Amino acid sequence: MTVMAGENMDETSALPGHPQDSYQPAAHDDHECCERVVINIAGLRFETQLKTLAQFPNTLLGNPKKRMRYFDPLRNEYFFDRNRPSFDAILYYYQSGGRLRRPVNVPLDMFSEEIKFYELGEEAMEKFREDEGFIKDEERPLPEGEYQRQVWLLFEYPESSGPARVIAIVSVMVILISIVIFCLETLPELKEDKEYTVHRTDNTTQVYKSNIFTDPFFVVETLCIIWFSFELVVRFFACPSKTDFFKNIMNFIDIVAIIPYFITLGTEMAEREGTQKGEQATSLAILRVIRLVRVFRIFKLSRHSKGLQILGQTLKASMRELGLLIFFLFIGVILFSSAVYFAEAEEPESHFTSIPDAFWWAVVSMTTVGYGDMYPVTIGGKIVGSLCAIAGVLTIALPVPVIVSNF
């Protein structure tokens with residue numbers, strides 16, 4: 001039934017839309033679970049049960065005392081001069097037990113104001129912001145000591161002061177120099193093949209290993225490592241929590257960025273002390289793998305780039321969609337590599353000698369790369385190739401909207 005008003009009520013104190021502080025309803029009005037209440041939102045009337053609103057007693061509509069300020073005894077309804085489309089979602093919040101979904105025709109700022117007005121609480125607001133893609137503001141603790149706090153702000157928050165910006169710029173420049181050196185030392189005329197110098201005297205040949213410590217690339221690399229190590233050590237001793245320091249992926253990247261240098265240095269010093277030829281070949285192979293790790297220094301730039309951080313968060317939020325994409329591509333590769341192999345089996349000039357050999361062709365076809373080193377020559381194989389390319393386009397296009405929305 002509809003909520004009824006008291007009999008002795010002054011009409012002038014019960015104008016629609018004005019708070020009613022003095023009105024006290026009968027005690028049984030808000031305790032009957034089957035009672036219904038009418039809510040008027042700027043002329044649009046909604047009707048629901050009191051027990052639905054009572055699920056959230058700390059909100060404006062769920063608290064009898066709070067909502068009674070907006071009660072209109074002349075019409076036996078609660079009147080709110082608020083946004084109409086937003087109230088559909090507000091009422092659904094009560095009906096669904098806490099699910100809050102913004103209507104597509106309501107702007108973000110307006111719906112946020114409605115959440116605050118109806119006092120849905122901080123938890124509902126945080127859930128709403130999370131669903132809308134806002135990054136949750138994390139409270140990052142600061143060191144307790146004044147000197148330690150200043151050092152931490154200097155190296156961790158470039159926007160905190162002018163000197164902090166200078167340190168951030170220096171750090172970025174050192175990272176870029178390190179990456180440039182990593183690329184330049186692979187040039188044919190500058191490669192480390194020149195490490196060995198051959199001297200012929202009479203009928204003998206002597207081979208001398210050049211001194212790596214005088215190599216300009218090694219000197220520049222050493223200077224970069226000194227800065228990286230200094231920055232890492234200072235940030236470690238200034239951080240408020242040593243446990244959280246090692247849990248941070250960016251700090252892990254910083255550690256990985258300097259490890260190859262010390263391994264290379266140790267290997268070079270061990271070789272100078274004298275090792276067997278086989279051991280030298282093994283150490284050389286290890287060095288090549290270790291030096292490859294240096295390329296990960298480029299990820300250090302993400303510490304100073306909000307865009308790269310957002311991209312990382314996007315990939316993290318889209319891991320499920322990316323996993324499904326890889327799974328679908330795996331199925332397609334198996335399916336189309338098998339199909340093209342049997343379609344080309346009777347062709348003597350076929351490029352597909354086995355199903356595993358056709359995996360490469362299926363991958364570059366489904367990803368629309370089209371490398372061109374392998375291609376079908378029969379009609380059946382070309383039909384399979386066409387279907388493979390179409391299936392690849394559709395498979396890759398499906399998760400793109402989800403990833404874009406996460407971004």
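Keep in mind that glycine also has a Cβ here, set from the backbone N, Cα and C atoms.
For 1-27, the entry in TrEMBL reads region 'Disordered'.
TrEMBL lists 35-135 with the feature domain 'BTB'. On the 0 to 100 pLDDT scale, the model's mean across the domain 'BTB' (35-135) is 87.
Summarising the annotation, TrEMBL assigns transmembrane segment to 166-187 (among others).
The transmembrane segment annotation in TrEMBL covers 217-238 (among others). Within its own chain, the transmembrane segment (217-238) has Cβ neighbours under 8 Å at 143, 148, 151-152, 155-156, 170-171, 174, 177-178, 181, 184-185, 190, 245, 251, 254-255, 257-258, 261, counting only residues six or more beyond its boundaries.
The transmembrane segment annotation in TrEMBL covers 245-263 (among others).
Marked as transmembrane segment by TrEMBL: 322-343 (among others). Nonlocal intrachain contacts for the transmembrane segment (322-343), taken as residues 6+ away from its ends with a CB within less than 8 angstroms of a stretch CB, comprise 315, 352, 354-356, 358-359, 361-363, 365-367, 376, 378, 380-381, 383-385, 387-388, 391-392, 395-396, 398-399, 403.
Residues or ranges marked as transmembrane segment in TrEMBL: 358-376 (among others). Here the transmembrane segment (358-376) has long-range neighbours at 329, 332-334, 336-338, 340-341, 343-344, 350-352, 382, 384-385, 388-389, 391-393, 395-396, meaning same-chain residues at least 6 beyond its ends whose C-beta is under 8 angstroms from one of its own.
Annotation comment: TrEMBL describes 383-404 (among others) as transmembrane segment.
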Sort out the residues at least 6 away from either end of the transmembrane segment (383-404), same chain, that have Cβ-Cβ distances under 8 Å to it, and list them.
314, 318, 321-322, 324-325, 328-329, 332, 336, 339-340, 343, 362, 365-368, 370, 375-376
Secondary structure content of the domain 'BTB' (35-135), with strand meaning DSSP E or B:
43 helix, 18 strand, 40 coil
